[in-house]
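Visitor: The following block contains the structure, expressed as structure tokens.
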Amino acid sequence: MASHKCFSVVLYALVFTAFATTAFSSLSTNYYDYSCPNALNTIRSVVEAAVQKEYRMGASLLRLHFHDCFVNGCDGSILLDPSPTIDSEKNARPNFQSARGFEVVDEIKEAVDRACGKPVVSCADILAVAARDSVVALGGPTWKVTLGRRDSTTASREAADANIPAPFFSLSELIGNFKSHGLNEKDLVVLSGGHSIGYARCATFRDHIYNDSNISPQFAKELKYICPREGGDFNLTPLDRTAANFDSGYYKDLVHNKGVLHSDQELFNGGSTDELVKKYKHNTVSFHQDFANSMIKMGNIKPLTGNRGEIRLNCRKVN
């Protein structure tokens, strides 16, 4: 009898532990409702002010969230500065001297901690919410961001180089890369639509405009004024003609062979993703709806929850 009672107690403890782990380790859209009810409004206010001051900041904040999630999951690792123990992802090829928005994240962190009375909101969650608010500020869709991510205590420049999709990728490489992160072809096409508000450096599209044949000759000629064969690596051009608006112009450009990056034009080059590009070209509402859904899906890539990771006091360094 005693042994049966002991077994029941142990079984109850195991069940409770499993329940607690599940309950407190999953993401939730109302995660901060009680611990910091003003958190999301505070983030939105800072983002809106930053985008109003410089609309390109919206693309920068969205890009930070993308690049963060594609390395070791959405854990804020991209924000860590170099140190003797941190091989910063800021120095990875896709980010070096091109990733921006870190000062805005600092501003958000300071404002949120002040609103909460203490460090409650993780830097990883700040990135996820700021990405959504940036899209909204530029006329794009909104979505409910799941929250509760914790911040990493490590970063990996090598992993960033290996996992962030490169601008010279073929369609099969893009599909494989997204699949490795649990994302499918539809996610690939719709999330690439984030380039609707993006800019690219000359170094990332030079080969495309001088060596590829699947580009409008007139468009290539225009880009060559911005991007010479030699030099000008950091000269910028918008990734679509309406870079201040989150619209379907990106897909319209692809259909007319006006993708700035090789990897962009691969989405409309006689392959399996052509039909989706044509769909979003004609249907902005569908693009917005699907983009929101894919952003939620991407935001759930390997988050640190529960007791894993930490809530950083400063987004640039571990506690």
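Placed from the backbone N, Cα and C atoms, the Cβ positions cover glycine too.
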Visitor: With reference to TrEMBL, specify which of the listed residues Cys36, Cys69, Cys74, Cys123 is paired with Cys116 by a disulfide.
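Guide: The record-listed partner cysteine is Cys36.
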Visitor: So, in TrEMBL, which cysteine from Cys123, Cys202, Cys227 is disulfide-paired with Cys315?
Guide: Cys123
Visitor: In the structure shown, which of the recorded positions Cys69, Val71, Cys315 has the fewest other Cβ atoms within 10 Å?
Guide: Cys315
Visitor: Say we define neighbours as other CB atoms within 10 Å of the CB. Which of the binding-site residues Glu89, Asp240 has the fewest?
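Guide: Checked Glu89, Asp240; of these binding-site residues, fewest Cβ neighbours within 10 Å: Asp240.
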Visitor: Can you list the residues of the same chain, besides Asp68, Val71, Gly73, Asp75, Ser77, Glu89, whose Cβ falls within 8 Å of the Ca(2+) 1 site's Cβ centroid?
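Guide: Neighbours within 8 Å of the Cβ centroid, excluding Asp68, Val71, Gly73, Asp75, Ser77, Glu89: His67, Cys69, Phe70, Asn72, Cys74, Gly76, Ile78, Ser152, Ala155, Ala159, Ala160.
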Visitor: What Cα-Cα separation, expressed in whole Å, is found between Cys123 (disulfide bond) and Val71 (Ca(2+) 1 binding site)?
Guide: 16
